[in-house]
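Found this in TrEMBL, in case it helps:
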SIGNAL    1-27  signal peptide
DOMAIN    60-408  domain 'Peptidase A1'
ACT_SITE  78  active site
ACT_SITE  281  active site
């Protein structure tokens, strides 16, 4: 899940709703926004360019046009959370410096506590939903693994989307207005204005677009190792016959997208650890393994290293190596490492090969560092997260219509045109 502004690779571990709900200033119903422009239209798709990288920026983000008139906002793409939210002036109690002027909601945009969307948000996060009066607004609090938090209220506003069928739609969608952030540094400008939550819950933007009949409940991303990439809603770009597919498993860790349990291999050899519960999370820059698989993998990597590499400290990541001369890219060092493989046992045997370029980075100091981290050290316990580094140069598809997750190698630095073949 997307993290605090200073550490975009961190993971949201706990989301709790405020027990006390603040009364709204007015009981105006938010404009739920019918779609006269697409009434009766077929479901279509939309594609968006992505910006950012794993290193050194630590996140991928998308530009979304929100409001009337529409204004641009940069959102951290996060398949590990449901709620989309912006830092906003409601008024702002504590906000980071962001790329664009803070979003300013109007009172008629507030979602009341009694609204079904508020009930869905509260239910998905805590299982509890209570409204003391119809005039209450829908409050929430997000807590992060790095002890940061965001306090906000649910609002609705229009999102301007250009679809593959050439139409432009402006559905009114619910999202969070975060007015009290205790995350990151208040002196540095954050790279994004908020988070784009693309999880499987009903408050997710993806689920809302499905409810409006605009796109199918399918989302995918293609993250380029060169930086950038693309994001898409709908299934027009999905290579159903060529991708590797695994059925979605019900994760013990909330609404995460999970292809189920996997066995771990390195260099074609099983590492002998018990099956790992794996989730895919674009809001995490790096990949995280629980203590046992992490230690087994590190031992296997160290036992296989040539004498050309020497372990060195590097402020970028915990485990790094230097060569006889500084590395310029992963291409300079990949031949010294072997592939990692996750073999998913959920239904058919689905393999995800992770070559060295999908688990190593080369830092500004010219060292090669392991981009798979020990999740137990950041409170993830037994959760294993496949993050951006491992999903680079692959199209990854989360198909909620068919209940499956797919992946296939792809040139992610080329934004596809509908009707053309990317692969």
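The backbone N, Cα and C atoms fix where each Cβ goes, and this holds for glycine too.
Heads up, TrEMBL stuff is auto-annotated, nobody curated it.
Situate these features within the shown structure.
Around residue 78 (active site), taking its Cβ as the centre, 28 other Cβ atoms fall within 10 Å, counting all chains.
Using a 10 Å Cβ-Cβ cutoff, residue 281 (active site) registers 27 neighbours.
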Give me the mean pLDDT over the domain 'Peptidase A1' (60-408), rounded to a whole number.
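Overall, the domain 'Peptidase A1' (60-408) comes to a mean pLDDT of 93.
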Could you tell me the C-alpha distance between residue 78 (active site) and residue 281 (active site) in angstrom, no decimals?
7
